[in-house]
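Please read the structure below before turning to the comments.
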Amino acid sequence: MKKTAIAIAVALAGFATVAQAAPKDNTWYTGAKLGWSQYHDTGFIPNNGPTHENQLGAGAFGGYQVNPYVGFEMGYDWLGRMPYKGDNINGAYKAQGVQLTAKLGYPITDDLDIYTRLGGMVWRADTKANVPGGASFKDHDTGVSPVFAGGVEYAITPEIATRLEYQWTNNIGDANTIGTRPDNGLLSLGVSYRFGQGEAAPVVAPAPAPEVQTKHFTLKSDVLFNFNKATLKPEGQAALDQLYSQLSNLDPKDGSVVVLGYTDRIGSDAYNQGLSERRAQSVVDYLISKGIPADKISARGMGESNPVTGNTCDNVKQRAALIDCLAPDRRVEIEVKGIKDVVTQPQA
């Protein structure tokens, strides 16, 4: 019968629905089980009646999961009441116990484990019988026996799991005290509830690095100033008003604005350097008056450096024509350097 019970357990395990069983590390669980309890090698005093070795077994257990492979369980088992009848003796035997085992598991899939439990059971066995002549007999015994179990465990949800298990307990009782020393096999179906299995905190992607922006604006000096002057014209103020609205839209979180003034090559280097500085400062002063913080903006005169006309005006000799040809060199460049946060949309 023992071999038959083991074979049935293995066969049923083969049909277990594939699904993650081990609880999270360092968490507790509790459960209950119900199944077929079968006594073996009962060894009663010779009797000519039946011994009902197959009974209903049940139990409750609690455990602590150390990691996906190792846990510890403590539980109570009711192994069933076994009646026996005959001309020589009529009575019943029952056994129950508290067990402590180490549970060793291995994940087959995310939701399915196979496992074994190894440990011991502190049991109590009771017998009560009527013997020929009308006398009665009643006694009990206690002891410790090894426990071996194997099974599969399937996680229905992160909190709830079910298990199919076959458990073997050896030598429950003392034949000299209660008349028998049987072994017990318990094939059971159990369900457990795991604590602390809530969803893991979502992984938050690191914030994207701030985006460094640099914007360049170029304004013609002939629009901003009269020739050879550094005072803004009304048309120049209007142009700077439009520029200021663009700077406001850029809205750097932190950064700076640099105003670069350029002249053409007419006149001495020193004069052109001074004129470019005064023009750049005029633009800075106006933008500060519009609202740009004074500590975020600066002026720099570049004189006649970096001409954009190149040598296109080299053959122009008439002064008026040369002034007109060199107009692109007379300019104000505004460079805005800032850091603008990158806004990311949350994922649905």
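Just so you know, glycine gets a Cβ as well, placed from its N, Cα and C.
As annotated in Swiss-Prot, transmembrane segment covers the listed stretch 146-155 rather than the other ranges in 146-155, 286-295. Following the DSSP three-state reduction, the secondary structure of E73 (site 'Part of salt bridge gating mechanism') is strand. Mean pLDDT of the predicted structure over the domain 'OmpA-like' (212-340): 84. Only residues 6 or more beyond the boundaries of the transmembrane segment (186-194), in the same chain, are considered here, and those with a CB under 8 A from a CB of the stretch are 5, 8-9, 23-24, 27-38, 57-59, 61, 63, 65, 77, 79, 158-169. Of all the disulfide-bonded residues listed (C313, C325), C325 has the fewest other CB atoms within 10 A of its CB. Broken down by DSSP into helix, strand and coil, the domain 'OmpA-like' (212-340) contains 56 helix, 35 strand, 38 coil. Just so you know, the Cβ of R163 (site 'Part of salt bridge gating mechanism') picks up 21 other Cβ atoms within 10 Å once every protein chain is counted. Within the same chain, residues 22-39, 72-82, 103, 186, 188, 190, 192, 194 sit at least 6 positions outside the transmembrane segment (55-66) and bring their C-beta atoms closer than 8 Å to a C-beta of that stretch.
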